[in-house]
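Working notes for the structure below.
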Amino acid sequence: MTLSTQFITMLAMIGMGSFFGAALDTYNRFLQRSRRKKWFVFMNDLLFWLLQALIIFYVLFLVNKGEIRFFIFIALLCGFAAYQSLIKQLYLRLLEFAISIFVATYKFVVKTIQMLIIRPLQSLFLLVISIVVMIGRGLFALVKFVFKVLVFIGKTLWRPIQGLLFFFWRLMPKNIKKFVEKLYNKMAGIIHSLKKYVVSFKNRWKNRKE
């Protein structure tokens, strides 16, 4: 390893030490250990340390093909110490500021979507439902009115027709009257037997289910 490569490696590892300090503070800020379960914290810590080791080794590989020397660990420690003493407070303030901006932007976007999209859609949906209900009530009232009118017309027309039928019935010969009465009684008997059969079938079906 040449002197220039060693110098670049040391600068890179100092930077990675500072990066590790910032990443550690960011990780602790979002993890919130006191609110998490121990197994969850353990798994996240393990993944965090593995990820940091991979990132540091990747940078080291880019700089000096992955050669590990003792001064690399010293450079990492110096970078971490420099971050703790010089940059940490400023970085934490910037981190909190960025988080507050993100949260405020998120709330603004959510409120904007609610005001411009969700609430108008809700109002439109309620309006459509109200119109449909009003139309349904109007149609029901119209059908009810038409039915009453038809019933009234039917009753009005049925009275003279009933009188004419009764008049023609009185004019019919007795043999035709007897035939019609027999036919009527026969049909009534058939209908009565059908009703009895249907009722008995329903009772049997209910008994089978029970």
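Cβ coordinates come from backbone N, Cα and C, glycine included.
According to TrEMBL, the transmembrane segment annotation covers 6-27 (among others). Here the transmembrane segment (6-27) has long-range neighbours at 44, 48, 52, 55-56, 59-60, 63-64, 69, 71-72, 75-84, 87-88, 91-92, 95, meaning same-chain residues at least 6 beyond its ends whose C-beta is under 8 angstroms from one of its own.
The transmembrane segment annotation in TrEMBL covers 39-62 (among others).
Residues 1, 6, 9-22, 56, 60 of the same chain, all 6+ positions outside the transmembrane segment (68-87), place their C-beta atoms under 8 angstroms from a C-beta of that stretch. Sequence annotations record features per position, and here TrEMBL assigns transmembrane segment to 68-87 (among others).
Annotation source TrEMBL lists transmembrane segment at 94-118 (among others).
For 124-147 (among others), the entry in TrEMBL reads transmembrane segment.
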